[in-house]
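As recorded in Swiss-Prot:
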ACT_SITE  Asp129  active site
BINDING   Leu76, Cys77, His78, Met114, Glu115  substrate binding site
Amino acid sequence: MNSSFSHLDGQGNVTMVDVGGKQATERVAIAEAVVELRPATLELLLKVALPKGDVLTCAKIGGIMAAKRVGEIIPLCHPLSLTYADIRFEVSEAPPRIRIEAETRTVGNTGVEMEAIVAAQTAAAVIYDMCKAVQRDIIISRVRLLHKRGGKSGEFNAPDMEE
């Protein structure tokens, strides 16, 4: 079977990619997620007045923790030694939303895109969890890879991120 999917062998069976022969290079990935809230919920979040406490600090910690565990929760992902992981927030009051940007880095022979994506998703889920007592219809959207650099495939920028 001829497949362009890297996690399938010649017979179409699922397999973990052998990255042992790949060159170790600096790998960087940035992903985003957007959390849409009602104005009153965002106001409580920013005032640190929600019942569960400081939402953004917990979301940052949760996202970083998730980035470090991707090899355990995403099938066929290699466990990586991250050299850097960070979560940044861009808060908008109109429309009321929080844009999450997750950045991950390593020096290794496989990329860190999944680590960045899972970190952004998890930070968004933490925000949902900590705000759900006051709002159940929170929307998590626009989870995507914005940028990756390093390795054989080179650099990628999401189409609307091109300069």
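Positions of Cβ are set from backbone N, Cα and C atoms, glycine also.
Distance between Cα atoms for Cys77 (substrate binding site) and Asp129 (active site): 26 Å, as a whole number.
Our reading of the substrate binding annotation (Leu76, Cys77, His78, Met114, Glu115) yields a largest Cα to Cα distance of 13 angstrom.
There are 18 other Cβ atoms within 10 Å of the Cβ belonging to Cys77 (substrate binding site). Cα of Leu76 (substrate binding site) to Cα of the residue listed as 'active site': a distance of 28 Å. Counting only same-chain residues at least 6 apart in sequence, those with a Cβ under 8 Å from the Cβ of His78 (substrate binding site) are Met16, Val17, Val19, Gly71, Thr110. In the structure shown, the C-beta of Met114 has more C-beta neighbours within 10 angstroms than that of any other entry among the binding-site residues Leu76, Met114.
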